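Colleague: Sending over a structure as structure tokens; questions will come in a sec.
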Amino acid sequence: MGIDPGLTRCGLSVVQAGRGRTVYPVSVGVVRTPSEAELAERLLRLNKAVGEWMDEYSPDVIAIERVFERGNVSTVMNTAHAVGVLILAAAERGLPVHMYTPSEVKKAITGNGRADKKQMTVMITRILGLAEAPKPADAADALALAVCHCWRAPMLMRAKVSVKELENHRRQQQGRLGKAKSVFNSKQAHSPEQ
């Protein structure tokens, strides 16, 4: 499940990973909250809507855009509040969350970390074989996040396995070193003085 976080508009998408780089769209939508409503009410509405999506589609993992400084502190804070609610909804359901920066998503989808909205929409429409471009941009961004994770998840898994293998190797080497030190110390203790 890909989520483009926002308090006014929050893009939601569900995709199914296929073989290789094939990804199938399942559902896409946008949750809107009225800007005139109190913050707590807006967050509650967002939590309820996202929770319903998670319960209906039972995703394996959640991919969310990482909040970054955009210049407008109010917008950043509202987005950060929304991200907190989204992560909480996932945690309540035991779902792992992966976060990606906008440039990581753009690079994965278009090959250019500085791609604009139009380029992103064209590519996500093409990648998913959609008859028409998803609208609004929040919906396209949510799909892009989901596709990005589908493509990066195998790399993340390999990296996780590699780290475990390195840790096991390190432990084995420490064990061998410890045994070698014991043998050396034992030989030193039993060797005649010169």
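These residue numbers are counts, starting from 1, taken along the chain as shown.
Backbone N, Cα and C atoms are what each Cβ position is placed from, and that goes for glycine too.
All TrEMBL annotations are machine predictions without curation.
Below are the features listed in TrEMBL for this protein:
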- D4: active site (ACT_SITE)
- E65: active site (ACT_SITE)
- E65: Mg(2+) 2 binding site (BINDING)
- D138: active site (ACT_SITE)
- 167-194: region 'Disordered' (REGION)
- 183-194: compositional bias 'Polar residues' (COMPBIAS)
Colleague: I'd like to know which of the active-site residues D4, E65, D138 has the most other Cβ atoms within 10 Å of its Cβ.
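Modeller: Per the Cβ count within 10 Å, the most buried is D4.
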Colleague: In angstrom units, rounded to an integer, how far apart are the Cα atoms of D4 (active site) and D138 (active site)?
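Modeller: Approximately 6 Å lies between the Cα of D4 (active site) and that of D138 (active site).
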Colleague: If I take the alpha carbons of E65 (active site) and D138 (active site), what is the distance between them in whole Å?
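Modeller: Checking the Cα atoms of E65 (active site) and D138 (active site) gives a distance of 11 Å.
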